[in-house]
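S.K.: Sharing the record's features from TrEMBL:
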type	residues	note
REPEAT	29-63	repeat 'PPR'
REPEAT	64-98	repeat 'PPR'
REPEAT	99-133	repeat 'PPR'
REPEAT	169-203	repeat 'PPR'
REPEAT	274-308	repeat 'PPR'
REPEAT	309-343	repeat 'PPR'
REPEAT	344-378	repeat 'PPR'
REPEAT	379-413	repeat 'PPR'
REPEAT	414-448	repeat 'PPR'
REPEAT	449-483	repeat 'PPR'
Amino acid sequence: MIASWGRLGLAQYAHEVFVQMPRLGLRPSTAVYNALIAASVRAGAVDTAYLRFQQMPADGCQPDCFTYNTLVHGVCRSGIVDEALRLVRQMEGVGIKPNVFTYTMLVDGFCNAGRPEDALHVFNTMKDKGVSPNEASYRTLVHGAFRCLGSHKAYEMLSEWIGRQPPLHPSAWHTMLYCLSKNGMAKEVVEVVKKMKTRGLLLDNAMFGIVVSCAVKCLELSDLCELVDDFVKKGGNPGFHVYIMIIKSLLDCRSSSKANHYLERMVLDGLLSSVASYNMVIDCFVKEGAVDRAVEIIKQMREKGFLPNLVTFNILISGYSKLGDVHNAKAVLKMLMEHGFMPDIITFTSLIDGLCHAHQMDDAFDCFSEMAEWGVRPNAHTYNVLMRALCSVGHVNKAIDLLNKMKIDGITPDAYSFNAPILSFCRMKKVDKARSIFNAMLRLGVVPDGYTCNILIKALCDERRVDDAKEILAATESSCCTVTDHHHSYWPIVSALTKMGRFSEAGQLMNKCHIRNVQLDCGSNRTREPAMHA
């Protein structure tokens, strides 16, 4: 009963039961005391746990390894690591040998206390005393070092330590690779993989996936391919999602021949075993403009006995539309219906986008009107495509009319719905109209896009309307926009305030920048344009 109350976190009830035991003629045992001490530690009452620990001899109960481990855990969790060390020495003094759990808790305690060198010393002591670390021990040490030292210093310390050690458990290497990958340290990841190779250790498939997810962001293509090829040569199987990551990365860098090479490997490994898996590969090629290659893959898919589905056709239509190839997009639409599928919202929106890219605006609106006949209701994305196209050819007022129609039809606009009109009015030097739309966006509860805010702020500053620009900045900061979204907003205001002789305000804003850890780009007022919804 005491153990049950303790596991439920109800230490008070556990103690009440314990107090009743003498009245019932029951003598507590070491197991009972252990349950009571564990309940106190779990409840954060380490002092109470110590009190019961000191009562044990009076009841003829001798503490065992579990008793000491529970107390060590409690004091480590409270940050009193030196007391934990004293307890370990005490248990050794009474002939109780600390086990792997004892030492692992000490390692964790020292890491949490910001003393990784002491944690390493405890780890070495454990091995010197013949206690073999387990997976949890290694994970605790590595995660703790990265947590309290930072990624680079932790890597230096652990690399030096590993270099002095006999062969370690694979979990030590895997945990270090995990931490390095999560911190984007691709160069160091490759170094660790090479060290593992010299020691005859091979990554498992799951860990290799984590390594590749880091490598595709940071490594040169040649290094990435070498990493993958070496893994395969050693008998590893990268798996479907790893190959997809690699193919995407290669296509991003216009290395289509290499991408095709890994696609062939996927086929040989039997990883393309469904329409869904083929669709993911087709989508990779289409998004990089390689629609002809995507069509070839669809032919291969048919040869393997997999028929394209609606998703397959939509991917192709989207690809042709992005290229402005309306003829082929319509041909795919015809194939879609011949296969017994009905066009959906994605089909229509992609076609409308293609017609807009081909500057066939009348046809785009005809397609938009035709959606109702097919029972397909347009969404915000559909409207955004049309509004962006209207703004790009100077018909901003028509875009505003469409925005109003969108709201009347009960479709909630998003940030992209307002972006194109605001940006167009700013470029046309009609800043008041841009600000009016911005205010309407805020009233609807739509979070402004960082890029749009920056453009509007710069436009206001160019007209020396700094106070209005500061209001926009305040609205940006009170929204969910992050500092990285609007850090370019500060410099136009600081620059304008300085030119107007309002040095005190400029200084205050610069101080605010530093407090918010925003780095001013003083060399340029340009802002990066994000990818728009298409």
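The backbone N, Cα and C atoms fix where each Cβ goes, glycine too.
Curation plays no part in TrEMBL annotations; they are all automatic predictions.
These numbers come from a predicted model, not from an experiment.
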S.K.: When DSSP states are grouped into helix, strand and coil, how many residues of the repeat 'PPR' (64-98) land in each?
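M.R.: In the repeat 'PPR' (64-98), the DSSP-based counts are 26 helix, 0 strand, 9 coil.
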S.K.: Quick test of the contact rule: Cβ under 8 Å, at least six residues beyond the ends. What residues does that give for the repeat 'PPR' (274-308)?
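M.R.: Long-range Cβ neighbours of the repeat 'PPR' (274-308): 240, 244, 247-248, 251-252, 254, 256, 259-260, 263, 266-267, 315-316, 318-320, 322-323, 325, 328, 339.
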S.K.: For the repeat 'PPR' (309-343), how many residues does DSSP put in helix, in strand and in coil?
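M.R.: Summed over the repeat 'PPR' (309-343), the classes give 26 helix, 0 strand, 9 coil.
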S.K.: Restricting to the same chain and to residues at least six past its boundaries, which positions have a Cβ under 8 Å from a Cβ of the repeat 'PPR' (99-133)?
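M.R.: Same-chain contacts beyond the ends: 65, 68-69, 72-73, 75-77, 79, 81, 84-85, 88, 91, 140-141, 143-145, 147-149, 154, 157, 161, 169.
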S.K.: At a C-beta cut-off of under 8 Å, are there same-chain residues at least 6 beyond the repeat 'PPR' (309-343) that contact it? List them, or none.
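M.R.: Distant Cβ neighbours of the repeat 'PPR' (309-343) are 275-276, 278-279, 282-283, 286-287, 289, 291, 294-295, 298, 301, 350-351, 353-355, 357-358, 360, 363, 374, 376, 534.
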